[in-house]
Amino acid sequence: MTASPVRVSPSAEPHAPAAPAFLVLDRSGRCTHATHDAAALLGLGDVALVGRSLADVLPAADVLHDAIAAAVATQRATTVSEPVPGRVVPSPEGALLLLDGEPWSDAAAGVEGTRYLHAVLDTVPECIKVVARDGTLLDMNGAGLAMLEAPSRDAVIGCPVEQIVVPRHRGALRRVLASVFGGTAARAELEIVTLGGHTRRVETRAAPLRDDAGNVVAALSVTHDVSDRHADAERLRESETRFRTLAAAAPAGIALLDATGNALYRNERFAEILGIDLEQITDATWRAAMHPADLAAAERDAHAFLAGEADETTSEYRLRRADGTVRWVHSTLRRQRDADGRPTGMIAIVADVTAEKHAEAERRANDARFRQLAAAAPVGIFLGDADGRVLYANPRYEEIWELRGEAALGNGWLTRMTPEEASRLRRDGIAAFAAGAQFSSEYQIVLPDGRTRWIRGHMVLLRNAAGEPESSLGTVEDITARREAEEAEARARSAADVERARLEAVLEALPAGVIFADADGRIVRATRQARALWGGDVTAEHVDGYGRYRARLRGSNRPLTDDERALTRALRGESTPPRELELERLDGGSATVLSAAEPVRDAEGRIVGGVVVLIDVSERVRLEAQLRQAQKMEAVGQLAGGVAHDFNNLLTVINGNLEFARNDIDPDHQAQEDLAQVAQAAERARALVRQLLAFSRKQVVQSEEIDVNDVVRGAEALLRRVLGEEIAFATTLAERPAVVRADRGQLEQVLLNLAVNARDAMLTTAHGRAGTGGTLTLVTDVVRLSPREAQGWTPGPGRYVRLTVSDTGHGMDATTRAHIFEPFFTTKAVGAGTGLGLATVYGIVTQAGGAVHVDSEPGAGATFTILLPYQGGRVAAAERGGGTSLPRGRGTVLVVEDEASVRLTTRRVLERHGFAVLEARHGADALLVWREHGADIVCCVTDLRMPEMGGRELVAQIRADRPALPVVYLSGYVDRGAVEPADGFVEKPFTGEALLQAVTSVLRAPRDA
């Protein structure tokens, strides 16, 4: 090989010959690699060559053996012709034997990078390279390119080899090259970096490559990747370092022994246990230190281990230290094996357990003392593990649970408990131990004969140094007798509590207040009703302080003295019969009560306290006053109703005769004017009667469509007279008609009542003194209430006529506003008001389908707002009729009326219209007429209220004979709803035309026979 070899890639030459067969030999002549056809060329058939010496397989080929030895020794290539033509090329590992079936040609004799050599070297798995004297890479086989991760020879040929070696190993590379070019083979372990950037550990062996003259022209190197071997060695060194570090820090003595028991390594602790220096220890030292009493047994165990197959043995024995003290040791001998399971040595671990031995002896002594104490203890004692299994139980424990011997251990206690109780106990124990180290509980067990026993248990959880539960210690006591006594006491206490609770419930539910005092006069109990009656808490009050409770006999202005008080008298042993008292409440109010008191005595009759019972009769007294007022008003109402009834009868006669007179004289007669004045006076009298009936609540309701504006205008003059000159009156009326359906007279009554109420509020102050007047404002408008605006109003959303009446009087507080529309409620002085005015307003408005609301504050006046359903923009035309349009009557009419003048007027009206008339003074009289002339009667006209028999009773009896008989009722104060809808109704006083229209109407109406 020259300094400038021809670099030709085998794949680049079009006619590169096939690679010759070859063998790779080490320095001893053993084949390490062979091509598949090498054995056949050597005449050996298919004999396997790898791993065998060439001298063994070709013993007669001396020429070949000599050529191989010379090439290895001289590091020069040589040609052979036997047994086949070939060439021997020296290598760092030994030699290459190139075989060919024909004599080796001169063209193939050169080593310098020929295609033959390339073809041969590319089949070798090791990295083979040729390096020039200056360190330049001249050639490299395929395995080398793969090791360097080079894509082709051109990527590395001509490059300095140092470039692939890490800097710290380049000196070693230079030394190898210097040795080779000095004529001596050399080796080195280097770290290289591949073209792919990976680091690898390699071993390189290099030998000189000489020309025919013997001159070293290049270095031939074989390189192996030893990365895995190097890593294993590093791991081994690290493992050994860790072992020595751990062994040095170990609390136990550690020794490494060979397979026969000879020590290879001992740590310092090994020497410390013996009390001598590490350098003083020999294989005989340990045996000499062993206690004579333990020597035979220890040696017997050791010999049995060495002769046996077990991999570990342990023993405990004593050693006599150099200072004469004796120590207990625990020895573990463990066998070490290789990957094939062959013993390779042993490791001995020796721990000083002297302290543990002493502690164990102490524990045994303590355990013995504990068992002696537990056996004599009056309570059950047990030891258990962390899971509650009993490991020891004393005799008392066995007696309590009635478990003996082994049955008391483990989970035997569970056999005496129900699953539910056992589960509860475990659950409570876990929760208790999670919060601390102790747990106490009381539970019940069931004995084999069915008896139950109450147990009180206490357990302490013992933990190790790491805080983990290790064991438990507990006690149990039989508390059955105590529990039974407690339960009996609890039952008695519960019965007393129930009785006390019942009494408390009765006292609190009583509509009366009850006050108890002890023998010293201190109030110890006052029920809720009693506190409410006095307007505050009265408990813990002494009898000496009763003076602040002011009371007087009802009807008397003199307060009770202390000696007259019911509780004071009861404490003296006196009984106080029921009496009515007026109380001045602690909160400033007042109440009327019925009071009674009795002393409370014990079983021996001694006075131990007093009890007072107070019954609130304020409402009863108020209702009695209201009843008297109502009876008075009823009497007045009856009187007013009677007067109105008589007036109606008189007006009926007056109107009837007036109508006769006006019809009988010429329309132009001057008397018509006088008769007209009489008619106007009669109408005014009729209005007066309606007011009397309204007062007595017996007026006839006549609902019609009316314009509220018209009603206000019509009543304005009357309202101004009612208000007087000290009060200004202003109205603001809606621009369009405010039409509602109501009774005009009742609506006028509403305006009048509100005006009177406002007048009184402006002419008197809240304290009853004279006021200075003010202004009354009346406003009407038409509004639409949305669902939100209608909240708080009874009618709900829709369109309404709103009538607002505002005054500048003294106003009202919230309490007064809450009762303002209640009947008989009044804030005026006694005799100054009935309490019916605003109640009448409320009744009339609600009867008309509306609602009324008041806004007021003390000193800020009051505003009453009335909403009435809106009926449209105009008043419907009133139906009018005239007598001249009515047809002449036919048949007989029965007229029943107790007032002779009204009966006569009614008869004359009917007869003038063509009817025949039969008369009766009352119902009983009418029945007689009916029985005689019933077949001729076509209609019955009857008053509703008459002596002996009223109109409705009369009609009921007549219609028993003829159900379809037409009837017209006459009345001055009964609502139209009191009679059947199909029957006629005429309100007194009536005109002849109204009577004839009613009779004609019922006669025309179709009726079932």
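Using the three backbone atoms N, Cα and C, a Cβ is placed for every residue, glycine included.
As annotated by TrEMBL, domain 'PAC' applies to 186-238, 313-365, 439-491, 577-629. Residues annotated as domain 'PAS' in TrEMBL: 239-309, 366-427, 499-535. Marked as domain 'Histidine kinase' by TrEMBL: 642-872. The domain 'Response regulatory' feature in TrEMBL is assigned to 892-1003. If you look up TrEMBL, you'll see Asp943 marked as 4-aspartylphosphate.
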I need to check the long-range neighbours of the domain 'PAS' (499-535): which residues 6 or more away from its ends have a CB within less than 8 Å of a CB in the stretch?
541-544, 549, 567-568, 570-571, 583, 585-589, 591, 593, 600, 607-616
Restricting to the chain of Asp943 (4-aspartylphosphate) and a gap of 6 or more, list residues whose Cβ falls under 8 Å of its Cβ, or answer none.
Val896, Glu897, Asp898, Glu899, Val902, Gly951, Tyr969, Leu970, Ser971
For the domain 'PAS' (239-309), what are the DSSP-based totals of helix, strand and coil residues?
42 helix, 10 strand, 19 coil
Give the residue counts of the domain 'PAC' (439-491) per reduced DSSP state, in the order helix, strand, coil.
12 helix, 30 strand, 11 coil
When DSSP states are grouped into helix, strand and coil, how many residues of the domain 'PAC' (577-629) land in each?
12 helix, 30 strand, 11 coil
Secondary structure content of the domain 'Response regulatory' (892-1003), with strand meaning DSSP E or B:
53 helix, 26 strand, 33 coil
